[in-house]
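Notes to accompany the following structure.
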């Protein structure tokens, strides 16, 4: 099934209440789920605008075999998307017959509403505001390449590398074909907003991972050394798992659990593309995993990113209207599950460090869950400080909450996020290694801006082109 037909199918399923956008995308069997998800979300966001343009242009009357949802996807691509660059097949030819009329109707709609930009046609609740201007963050997959080689590759494509950013203002100012290294995150490149790399050869080859800035925090702060055994408790779709594998250098073991078989299948594809060989996937409820199982006696690190309201994700509004303000009943249910998962994770006997994270803005799912878990384990665990330069801290709801990290489009140029590092106060006697401490995460040296001279015998980094 092609991209446009798959997108039309997802939109039809959402309208019939067969599932959420994300769930239907994962069950579509379309290989590039991120590309499909992005197209569906943008088409849905402009749905009312597209309906008006299609009706005014008489497209469905002229093309009686064209189904409404497919028409909406195609008109989005023609007028607001990529314009069928490098593809489109028969749909490009079909829309080409109506292109002039469709463009004229879009222009007429702007005049009628007194606006000049496409985004100004959106209803206030659908406008992206600052969110649409968030930079594109790209994590270099160090299992396959290194930052120097990726930077050189983009420079050969005509991009201008500006070195490591000194502040968030540098990221906000990015335009055109300029890119930077994130000021705090190792191996995280930053491109201007709306830069589309889904079809880029480095992404398709697994050398790049498209990942939000805040989403890179959990694995980076867990920081398991190579050779460690790690549990990723709620692992799909797999970006954080792939980050853990890169930090482990594919040495050691990741036990990754998730209950959704389809999401696990997509995750397996992502991990294979990224060259990951140290991960064991299991379709299993983490709450049913026994801490006394001998397989997990060497697990010293756990990443727990449980199901949450997603109130920090702008795209969630498209899937579930009102998701930004979940009901008290839903928050209570989610927080109950999150607390059970966190308390269960803290019972693993050899655990040294755990990172708890959500993409929620709600105190009930964040500080409250962490506070209650610590209170149920008095004296056994503590919140570890991390990233003192991070500007957005946890809400001051209990002593030490300032050690937690929060993120938002306004303060950190990322989606809404929460992260807490929990460490065991005393290392259990079964683990004789020195006590682990929270990583300081000092930024690694930035790739140099000047053109690199080839060195004979240099083999520290594999070339990004394979």
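Glycine is treated like the rest: Cβ placed from N, Cα and C.
Per TrEMBL, the feature domain 'SAM-dependent MTase RsmB/NOP-type' maps to 126-425.
Within 10 Å of the C-beta of residue 238 (S-adenosyl-L-methionine binding site) there are 26 other C-beta atoms, taking all protein chains into account. What TrEMBL records for 234, 235, 236, 237, 238, 239, 240, 258, 285, 305 is S-adenosyl-L-methionine binding site.
Feature annotation from TrEMBL assigns active site, nucleophile to 359. The 10 Å shell around the Cβ of residue 359 (active site, nucleophile) contains 22 further Cβ atoms across the protein chains shown.
Annotation source TrEMBL lists region 'Disordered' at 429-466.
According to TrEMBL, the compositional bias 'Low complexity' annotation covers 429-438.
Sequence-distant contacts of residue 234 (S-adenosyl-L-methionine binding site), defined by Cβ-Cβ distance under 8 angstroms and a gap of at least six in the same chain, are 257, 258, 286, 304, 305, 306, 307, 341. Among the binding-site residues 236, 240, 285, the residue whose Cβ has the fewest other Cβ atoms within 10 Å is 285. The record assigns 234, 235, 236, 237, 238, 239, 240, 258, 285, 305 to the S-adenosyl-L-methionine site; their largest pairwise CA distance measures 19 Å. For the domain 'SAM-dependent MTase RsmB/NOP-type' (126-425), the model's average pLDDT works out to 92.
Reported as a whole number, the C-alpha separation between residue 285 (S-adenosyl-L-methionine binding site) and residue 359 (active site, nucleophile) equals 20 Å.
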